[in-house]
Ligand SMILES: NC(=O)c1ccc[n+]([C@@H]2O[C@H](COP(=O)([O-])OP(=O)(O)OC[C@H]3O[C@@H](n4cnc5c(N)ncnc54)[C@H](O)[C@@H]3O)[C@@H](O)[C@H]2O)c1
Ligand SMILES: O=c1ccn([C@@H]2O[C@H](COP(=O)(O)OP(=O)(O)O[C@H]3O[C@H](CO)[C@@H](O)[C@H](O)[C@H]3O)[C@@H](O)[C@H]2O)c(=O)[nH]1
């Protein structure tokens, strides 16, 4: 450390922040870090992008022909940049040292033990990255929170970084600026969303250095995003906006799903109700598709996080309000599972149930919080035989998802009860019911003849439970199927009109 000059207040000589970004390191090569930083590499050929991860298998896969994440368009992006200005590596320290700007894009799951268990975000991966950056950085850097984090996480990161800063070789103290830049991509449309985002949010401290750092990140995005779509806010607003956006989106789904229950009981049609409501420009048509419930790694986790934040702030009513969105989602899943059992004469024991689709939505192989898991687990409890077909989810992943952790011999029990079919036709052969859990195009576009073929191989009466509203119920009924579609009740003829 350089010694302070005599009789003067010691002000360390600070190494200024990089004003232009030349090298980016992304810590976390997952569903967000991989696609996001691959697109940055594609759109910014003058920037070197290094994506690092602790998981060597994941990095190997990113460096192979079979990427660890299935996402339409992603293969092409990676093929065009990998080895040019895009690199995947397990050498986290080298990546940190080389970068001017570091994205922290690690997982922030819900805590499973300790204080806040079941609600709060587990921030230990974020903290581990922050400490690693502090201990190995040899130059000033811009640190960007890409992970979804609770409001004020940047303050903790800042404290850790400032308590551990070192000096450059020529004795200048290195500095860090933290930005919040939450990611809004949805899986299945990630590349499209990244090419053409509704907005890019950059939160910074309201200081000269904070604004400079935000400007440097803005310049990266301006290589392909119109400047008017880049919205700069304070750090805490940016962090909270991410949780708020997911809570508002999920709330719409729980709202329409709650209405789907009323539709089923009255004979109203939820797709007509959604369309009628969505025609109001103030409501809008998107995100009003009734389903067996929302899944995915984000909605539930982020709302639980918001609930925990509200509780911690003593805002009990606010916490209860948002918690209801999750409770409604649980209700929707269990309501659908109950409907299957009730319709099949109150028992599915020893019956074969075909499940079409296991991913939490179409165009992804991701099964995190997939409603199909809840449904299949409840069919398992009813002692049904389950045959599952999904075009993208690997067999081992499905078996793992259906195994109860910590239950002795459950893996073998799952294998005895669950089969993974190579096609929808195979899954449905000899089944008593078909349950559609994911809206894959191949189910929606199945021709009448193909359904006829499926019908011929099933036990009779043959039932279809459409949890996504994707099949043409009338055509299927014509073939002979008995069809239940979420949000569509039996036509009740009121005696007045009969
Ligand atoms: N999945 C989505 O669609 C999505 C969208 C927007 C935001 N987010 C948020 O982005 C974050 C990442 O989500 P994801 O789906 O990419 O998670 P993920 O689990 O797919 O990827 C996270 C990666 O981080 C790695 N990692 C963890 N700790 C590390 C460390 N200390 N050093 C190096 N690597 C480490 C893990 O090995 C893993 O590969 C989460 O906070 C999530 O809420 C996710
Ligand atoms: O009208 C709808 C829309 C969606 N869903 C379901 O909701 C879940 C989530 O879908 P979606 O939001 O499209 O996918 P995610 O990849 O989870 O993306 C959400 O979560 C991400 C992670 O935070 C955010 O970045 C995205 O903006 C946000 O849409 C899926 O199970 C969908 O099937 C419905 O049931 N009805």
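Yeah, the Cβs are placed from backbone N, Cα and C, and that goes for glycine too.
Unlike curated entries, TrEMBL annotations are predicted automatically.
Features of the protein shown, as given by TrEMBL:
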BINDING   28-33, 53, 58, 106-110, 147-148, 187, 298-301, 368  NAD(+) binding site
BINDING   183-187, 242-246, 282, 289-295, 360-361, 468  substrate binding site
ACT_SITE  298  active site, nucleophile
DOMAIN    354-473  domain 'UDP-glucose/GDP-mannose dehydrogenase C-terminal'
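All features noted in TrEMBL, drawn onto the structure.
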residue: 31; record: NAD(+) binding site; contacts (Cβ under 8 Å, 6+ apart): 69, 71, 187, 190, 297, 366
residue: 53; record: NAD(+) binding site; contacts (Cβ under 8 Å, 6+ apart): 27, 28, 29, 30, 33, 59, 88, 90, 92
residue: 107; record: NAD(+) binding site; contacts (Cβ under 8 Å, 6+ apart): 28, 30, 125, 147
residue: 186; record: substrate binding site; contacts (Cβ under 8 Å, 6+ apart): 193
residue: 243; record: substrate binding site; contacts (Cβ under 8 Å, 6+ apart): 148, 150, 151, 302, 303, 305, 306, 309
residue: 246; record: substrate binding site; contacts (Cβ under 8 Å, 6+ apart): 148, 298, 299, 302, 303
residue: 290; record: substrate binding site; contacts (Cβ under 8 Å, 6+ apart): 256, 257, 259, 260, 263, 270, 271, 274, 469, 486, 487
residue: 293; record: substrate binding site; contacts (Cβ under 8 Å, 6+ apart): 253, 257, 329, 330, 332, 333, 336, 371, 374
residue: 360; record: substrate binding site; contacts (Cβ under 8 Å, 6+ apart): 187, 294, 295, 296, 366, 367, 368, 369, 370, 371, 372, 438
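Cα separation, residue 110 (NAD(+) binding site) to residue 183 (substrate binding site), rounded: 18 Å. Listed binding-site residues: 110, 243, 290, 360. Those with a CB atom under 6 Å from ligand 2: 360. For the domain 'UDP-glucose/GDP-mannose dehydrogenase C-terminal' (354-473), the model's pLDDT averages out at 97.
Helix, strand and coil content of the domain 'UDP-glucose/GDP-mannose dehydrogenase C-terminal' (354-473), in residues and according to DSSP, is 47 helix, 19 strand, 54 coil. Under 6 Å, Cβ to nearest atom of ligand 1: this is the test, and of the binding-site residues 28, 53, 107, 183, 243, 246 it is passed by 28, 53, 107, 183. Long-range Cβ contacts of residue 183 (substrate binding site) within its own chain (separation 6+, distance under 8 Å): 32, 36, 105, 146, 148. Same-chain residues at least 6 positions away in sequence with a Cβ under 8 Å from that of residue 300 (NAD(+) binding site) are, in sequence order, 110, 250, 294, 326, 329, 369. When Cβ atoms from all protein chains are considered, those within 10 Å of residue 110 (NAD(+) binding site) total 17, not counting its own.
Cβ-based neighbour count (10 Å, all protein chains) for residue 187 (NAD(+) binding site) stands at 24.
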